[in-house]
Structures are given as structure tokens and as C-alpha cells.
Amino acid sequence: MRWIEEELKRIKEANLYRERILLEGVKDFCSNDYLGLRKHPEVVEESIRVLKEAGLGSGASQLVSGYTKHHRELEEKLAEFKGTESCVLFGSGFLANVGTIPALVEEGDLVLSDELNHASIIDGVRLSKAQKRVFKHKDYEELEEFLKKNRKKFRRVLIITDTVFSMDGDVADLKRLTQICEEYDCMLYIDEAHTTGTIGKGGLDYFGIEHKEYIIVMGTLSKALGSYGAFVCGTKLLIDYLVNKARSLIFSTSLPPSVCAGAKKAIEIIEENPKLIEFLRKKEKEILEILEQFSLDYKYYSTPIIPIMVYDEKETVRIKEELLKEGVFIQAIRYPTVPKGKARLRLTASLNYTRKDLEFLKNALEKVLKGRA
């Protein structure tokens, strides 16, 4: 297996080597637990209650015997939360994308995908065998110009975008995209993994858009909702279709009931506490005040994803490792997660952070960045 050694050597030489880190005695400043619900007492208590009632796992796929009242109740809650008719659960965001996209388009169809979409979208498009065209990030003029010239060549067209982009934190213009879809008869697939609970209920709610039959809303339970798994929301017709066609749903064991119960409780907490989003914005501003003290090159779009741009892969890894020595973990994000030369430290805001935590972050940055140009 010499080839594996050689490939790993190449990865290390390019400063792209990855490894898992046990975060013991370290403060995490890059998790996706944006609202701090992962350890919320009510979420944990509800999960434990259902764990004792229903057991550890679901025991089967949804289409065999792994579909319980807890799955259905979560689906109903998600559909209501997203303003759609229906919903279906998936084992993860990756499984949702690689299962749903190939069910919607195939050979003879066209996918138009934003260049910064998540890797699971890229793989879902590959599996679909539809023709793919990647458009420049949020360049909707390019997108529309292509459709003007080429829409009639294809049977079905699916436009795909993250709503909040996972590595930059900026927001897609869903108003513009819905206008394009209506004018050129396209479906719109929005990935709301980092959107649900961070800018409101979701992108449609944020932009004041009523759900239409051509809009497919995908999201995860594992970010702001603090749980695990994913979902797709849409019309009842669409969901019935996915239950019959999405292979990653059909051939996967369903989520544990306790996970579903915890996610449902998290949504209820968000609904009961609308100011959580406002508190998150305040936490983001506190982080920005720290970053400003060090004249760092960062991006901020009023979402909890605040990447510190370093650009050079080797330097990004060095800063990450130095921060880790100080007890602060901010992951170095490099190619292929982001384009080459766009390496960054993916700092995120969370309601978990106390004033003491942010002071700790500030002191660590001061030590590590001292003397850096």
C-alpha cells in the first residue's frame, strides 16, 4: 500500500493534512452550536426521557419499522417552522443532499450550482448524472444570462445554493433566485444547514418569501438545533416522491427517536424565545470588537460564521496550532474545503460563550499574533 503513504506525504507537504483532535481542556470557538442548545437542560432532559422510552436506536429504516411518533412529530414541527406542507428526515446533511438531488434531476436535465456550495451538494450533483454548470459565487446575472440562452435545451433545471454559506457566512439573495426560477421555470434547492435558527426560521422567512411548490428546503438538525440528522421540506407531493425515490433515505437506518425528540424541543425553545437571534447578533459584535483590536482580515455578514482570512495554508495551520497551545481551538480551513490560497480560521459565534471565554480568546490571540505583520 505504498501509494497511500505517498498520497499522505503529498498532502502533508502541501500543508493540507488533517487529523481529528480530542478537545480536552480546550475552549472550542469554531463549533456549529450557534444557539448553545446542544447542552440546553430542556433539550437534554427530553432526549433522555425518550431514550428511556424508545431505546438507543430506531432499529430499522423508515420504510421498514424505524418510523416512530417521534419522527413524525419532528417532521410536522419542521414543516410548520419552515412554512411548508410536509417534511422528511434524513440521517445527515450529506445523506439528504446525495439522496435528494439525484431524485430531482437526471441525465438530460441541468443543475446550476453556486461555486461555494457544500461538498455534499457537489457529490449529489455528480450522482445525478445531470449536466452541471457552476456559476460564480452569487453572480445571478451570469446565471440568468445562461438561462436566457440555454433553458430550452433542458427538460428540468435545478438551481442550488446554500442560504448561509458555511465557510464565508454570507447570505444568498433568495428573492432574486426565486424571480429567476419563476421566469425560467426552474426548481430552487436551498441548503439551510447554517441558516436554520441563525437568521430566523430560515431563508424564506428572512426574505419574507412564501413557500412555492418549486422550492425545496433542505436543512440540518446538527447546527443551531444542537442535535443530529437532516431534513427536506416542501410540498406533500415532493415529500411523498422522496420517500419513494431518495436512496439514502430508503436504504439507511432512521435517526434514533431520542435525537428527534431533542431536535423538536430545540425548535420549541427557539419559537418561545425569539430574542435568541438578537442575542446571537450581540455575541457576534463582541467577537468583532476583539478582532478589530488586532487589525485582522475577517469577513462578517450578520451571521455567526466569522472567518479570519490568513490565505497561506502553512501560516493558517501554524496559527491554529499556536492557539491550541493557549487552550483555544479554531480550526484551520484549507483546500479542498475552500479554494487554494483562501485558507482561513473559521471562528464562529455561539451563545455558549461567556465574557470570561471571550477575554480568554482575546488573550490567546494577543499572545499568538504578537509581532505578526
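Count begins at 1; order follows the chain as displayed.
Glycine is treated like the rest: Cβ placed from N, Cα and C.
As the structure is a computational prediction, the values presented were derived from the model and not from experiment.
Annotated features, as they stand in Swiss-Prot:
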- Arg18, His118, Thr337: substrate binding site (BINDING)
- Gly93, Phe94, Ser166, Asp191, Glu192, Ala193, His194, Thr220, Leu221, Ser222, Lys223: pyridoxal 5'-phosphate binding site (BINDING)
- Lys223: N6-(pyridoxal phosphate)lysine (MOD_RES)
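Known features from Swiss-Prot, placed on the structure.
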{"residue": "Arg18", "record": "substrate binding site", "contacts (Cβ under 8 Å, 6+ apart)": "none"}
{"residue": "Gly93", "record": "pyridoxal 5'-phosphate binding site", "contacts (Cβ under 8 Å, 6+ apart)": "His118, Ser120, Asp191, Ala193, Met218, Gly219, Thr220, Ser222, Ala230"}
{"residue": "Ser166", "record": "pyridoxal 5'-phosphate binding site", "contacts (Cβ under 8 Å, 6+ apart)": "His118, Ala193, His194, Ile305"}
{"residue": "Glu192", "record": "pyridoxal 5'-phosphate binding site", "contacts (Cβ under 8 Å, 6+ apart)": "Asp162, Thr163, Val164, Gly202, Gly203, Val217, Met218, Gly219, Thr220"}
{"residue": "Leu221", "record": "pyridoxal 5'-phosphate binding site", "contacts (Cβ under 8 Å, 6+ apart)": "Ser227, Tyr228, Gly229, Ala230, Phe231, Val259, Ala263, Ala266"}
{"residue": "Lys223", "record": "pyridoxal 5'-phosphate binding site", "contacts (Cβ under 8 Å, 6+ apart)": "Asn32, Asp33, Tyr34, Ala193, His194, Thr196, Gly197, Thr198"}
{"residue": "Thr337", "record": "substrate binding site", "contacts (Cβ under 8 Å, 6+ apart)": "Ala119, Met167"}
Just checking, which of His118, His194 (binding-site residues) has the fewest C-beta atoms within 10 Å of its C-beta?
His118
Consider each pair of residues in Gly93, Phe94, Ser166, Asp191, Glu192, Ala193, His194, Thr220, Leu221, Ser222, Lys223, all listed by the record as binding pyridoxal 5'-phosphate, and report the largest Cα separation in Å as a whole number.
15
